[in-house]
Amino acid sequence: MKRRSYAMLRAAAALAVLVVASPAWAELRGEVVRIIDGDTIDVLVDKQPVRVRLVDIDAPEKRQAFGERARQALAGMVFRRHVLVDEKDTDRYGRTLGTVWVNMELASRPPQPRNVNAAMVHQGMAWAYRFHGRAADPEMLRLEQEARGKRVGLWSDPHAVEPWKWRRESNNRRDEG
């Protein structure tokens with residue numbers, strides 16, 4: 001009897017660890033109510049706005065070349081539309097990091113789910129996100145290289161500056177001023 005109680009206690013403890021260790025989120029659904037910039041949106045979920053940062057991409061900043069065009073491209077895909085967000089994590093600013101999916105209405109075919117993060121990179125409106133110089137997602141890097149090769153979007157500018165370099169230079173100018 002003691003052995004069975006001990007085994008059940010261990011099983012319950014293991015289950016509790018799994019429940020606690022598993023993220024409380026997996027996905028969220030809602031309507032996009034605001035476009036912050038080319039890689040950040042507000043999604044209305046249960047009447048509450050949730051700030052979502054598109055994971056694995058880095059779009060130009062608002063005041064950077066192509067920043068407004070990236071914001072407009074994202075708005076064209078998702079503004080006032082219902083989306084599904086596959087949540088990956090939360091960043092240091094409290095934003096949900098995730099992959100955003102939207103159904104695209106195509107003539108003569110049923111709606112097709114579209115990975116908005118990938119579409120932004122493929123259209124040349126964002127870079128594949130880098131961590132310590134390496135792309136976080138190899139597929140995003142492939143899409144970036146394809147867009148670069150076709151010179152679409154920001155790749156039409158031969159002097160396009162990566163957002164992480166632009167932010168660093170912008171911070172340096174602010175510190176000097």
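Cβ from N, Cα, C; glycine included.
Features as listed in Swiss-Prot:
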| type | residues | note |
| --- | --- | --- |
| SIGNAL | 1-26 | signal peptide |
| DOMAIN | 27-157 | domain 'TNase-like' |
| ACT_SITE | ARG53 | active site |
| ACT_SITE | GLU61 | active site |
| ACT_SITE | ARG95 | active site |
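Known features from Swiss-Prot, placed on the structure.
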{"residue": "ARG53", "record": "active site", "Cβ neighbours (10 Å)": "23"}
{"residue": "GLU61", "record": "active site", "Cβ neighbours (10 Å)": "19"}
{"residue": "ARG95", "record": "active site", "Cβ neighbours (10 Å)": "19"}
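Rounded to the nearest whole angstrom, the C-alpha distance between ARG95 (active site) and ARG53 (active site) is 6. GLU61 (active site) sits 13 Å from ARG53 (active site), counting Cα to Cα.
Taking H, G and I as helix, E and B as strand and the rest as coil, DSSP gives the domain 'TNase-like' (27-157) the counts 36 helix, 59 strand, 36 coil.
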